[in-house]
Each structure stands twice: as C-alpha cells, then as structure tokens.
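A.B. asks: Starting off with a structure, shown below.
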Amino acid sequence: MVLPALASGYFSGASDNEDDFNPDADNVVKEVTEKRKNRRGQRARQKIWEAKYGKNAAHVKKEGERKYHEAKQRQEDFEAREARRERENALKAIAIDENPALKKLEEKKVKNATHPSWEAKKKLKEMQKTASFSGKKITFD
C-alpha cells in the first residue's frame, strides 16, 4: 500500500498556502472562462465603415463599380441586338427586292394587317349602321 504523501506529484488540497491561490487573479482561468464576444455581422460592419469612410468605404466603391460594369454590359448587349436587327432587316430588304414573289407576299402582309375575322366583323358593323329601318310601327289599342 502506497501512502499519498509519498507518491510523487501529489498535491494535498489542505495546505497552508490555500489563501495565496486566487482563481479570479489567474489570467489563464479568466481567458478560458470569460464569454467571448462574437464578431459583428457583415451588415453591421459595413454600416460602421460607411460612417467612418463614407463614399470611400471599400464595399461602397465595389458596389459602384459593379453597377457601372452591369450598365456597360447592358448597353453593349443592346447595341449588339440593334446591330443584328439592322443587318437582318437589310438582308431581308435585299432579298425582297431581288425576288418578286417575296415582294408580292410582303405587300400582301402590309395590306392585310388585320385578321380576316376582324375584317368581317367590321364589315358587319358597317352594314348594321347603314341599314335602313324596314319594319312597321305597331300600335296597341
């Protein structure tokens, strides 16, 4: 049987120096036990940066650059679409001028811009407006 006092590395809890040990004064204990504050969120940090730097804040500059590049890209896309439409219309005009059958078809499309059923309905309304009364007045006694 081994006595605890004789074992190496044994520390008795009931010693005279107990008053010297204060766990609140120990920095290691403080670091481990104190609650760590979380980092602020992205939006909160951005608000702080805007307050500090205004227009020179990095995220404001990046947003401005992003909007500029998006607008530039939209403009380039628009111009490309317009150029393509102009080319297609020019080619179509050349093809119509060279081919008489296509020319007649195009003239017919321009002439009959409305649907035939719409034309028939319009004619029916016109006929009803111009129709004269052909009935007899009825009187009751």
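Each residue, glycine too, has its Cβ placed from N, Cα and C.
Quick paste from TrEMBL:
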type	residues	note
DOMAIN	2-141	domain 'Bud22'
REGION	55-84	region 'Disordered'
COMPBIAS	60-84	compositional bias 'Basic and acidic residues'
REGION	107-141	region 'Disordered'
COMPBIAS	118-128	compositional bias 'Basic and acidic residues'
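Relative to the rest of the structure, where do these features sit?
C.D. replies: Mean pLDDT, taken over the domain 'Bud22' (2-141), works out to 83 on the 0 to 100 scale.
Cβ atoms under 8 Å from those of the region 'Disordered' (55-84) belong to residues 46, 49 of the same chain, restricted to positions at least 6 beyond its ends.
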A.B. asks: Please spell out the DSSP helix, strand and coil residue counts for the region 'Disordered' (55-84).
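C.D. replies: Residue counts in helix, strand and coil order: 29 helix, 0 strand, 1 coil.
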